[in-house]
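Asks: So that we are looking at the same thing, I have put the structure below in structure tokens.
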Amino acid sequence: MKFTKMHGAGNDYIYVDGFRERLPMPAEQLAIAVSRPHFGLGSDGLIVLTPCAEADGRMRIYNNDGSEAMMCGNGVRCAARLLHEWGDAKGDEVRVMTNAGLRTIKLLPDARGRLTRGRVDMGKPVLRPADIPAAVPGERAVGVPLTAGGQTLRFTCVSMGNPHAVCFVEDPDQFPVTELGPLYERHAAFPNRCNIEFAHVSGPEEIHMRVWERGSGETLACGTGACAVLVAAVLNGLSERAVDMYLPGGQLHILWDEADGHVYMTGPTSITCTGEWLGDE
Ligand SMILES: N[C@@H](CCC[C@H](N)C(=O)O)C(=O)O
């Protein structure tokens, strides 16, 4: 099976061209196999692109534990670039169908004039707890206290196609993300588990964050997570509606547009390598 390894701000996936390649095993099993460091290729998960009548391609995303997610913000930029480079999408505006609906990506030139950057219309954030889903009372989950590991933290919950819970802390670099992340991922308030973000607003247009991803553990970046953090910051009156988001693997620009209520994410894509998976075990 031929593959492409890509990352967006350090969030790395194995991409399979399902237009022309056949998966050698069910995608859930393949995601676990290819993602394993040392024994596989090492990645945050697997992304499979296939034909779609209503878009330039369909994207399905699997975390490295084999669970399927609805959306991947960093992945959808990489998917758009691949569909463009493979010739399956004509022009620099690419439409990708995801389990969370259609996403449109405008490919943008980098400093060398190559179309490696992407601006994604991520749609409207979902704020009603029942739709996230988050089992908390009220119309919106803003600053809700949740207890895990003997301490109580306040979370703002947002779905960007997948569920996110955002906690504002003093210093994300020093925060025990790998200790508390897994406890909150599986907290009773989140019936489908949850992606957990720890963020610090360092200026009205600048936020630093780390993320514990549902099904993948701590990753270097999460696109839907960065969008959820901005929405949470605005809902808590902490930032402007457009910010530079700094993650351990890179930087994204996020805007929550007042006019149409959509969130727009702009960021990079990088191709690490292409190759052939033999899975000879
Ligand atoms: N890294 C992604 C999100 C991947 C899915 C997530 N772990 C989930 O299970 O919801 C992104 O860039 O958005």
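We number each residue from 1, going along the chain as drawn.
Even glycines carry a Cβ here, placed using N, Cα and C.
Annotations in TrEMBL come from automatic prediction, not curation.
TrEMBL lists these features:
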- CYS72: active site, proton donor (ACT_SITE)
- CYS72: active site (ACT_SITE)
- CYS222: active site, proton acceptor (ACT_SITE)
- ASN11, ASN63, GLY73, ASN74, ASN162, ASN195, GLU213, ARG214, GLY223, THR224: substrate binding site (BINDING)
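Quick one: where do these features end up spatially?
Replies: Neighbours of CYS72 (active site, proton donor), defined as other CB atoms within 10 A of its CB across all chains, total 31.
CYS222 (active site, proton acceptor) falls within neither a helix nor a strand when secondary structure is assigned with DSSP, and so counts as coil.
For GLY223 (substrate binding site), the number of other Cβ atoms no farther than 10 Å from its own Cβ, over all displayed protein chains, is 28.
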Asks: Over all shown protein chains, what is the count of other CB atoms within 10 A of the CB belonging to GLU213 (substrate binding site)?
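Replies: Looking across every protein chain shown, the total is 28.
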Asks: Can you tell me how far the Cα of CYS222 (active site, proton acceptor) sits from the Cα of GLY73 (substrate binding site), in Å?
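Replies: The Cα atom of CYS222 (active site, proton acceptor) is 7 Å away from the Cα atom of GLY73 (substrate binding site).
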Asks: For the substrate site given as ASN11, ASN63, GLY73, ASN74, ASN162, ASN195, GLU213, ARG214, GLY223, THR224, which other residues of the same chain have their Cβ within 8 Å of the site's Cβ centre?
Replies: ALA69, MET71, CYS72, GLY75, VAL211, SER216, THR219, CYS222, GLY225
Asks: Between ASN162 (substrate binding site) and CYS72 (active site, proton donor), find the distance joining the two CA atoms and give it rounded to the nearest Å.
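Replies: Answer for this pair: 8 Å between alpha carbons.
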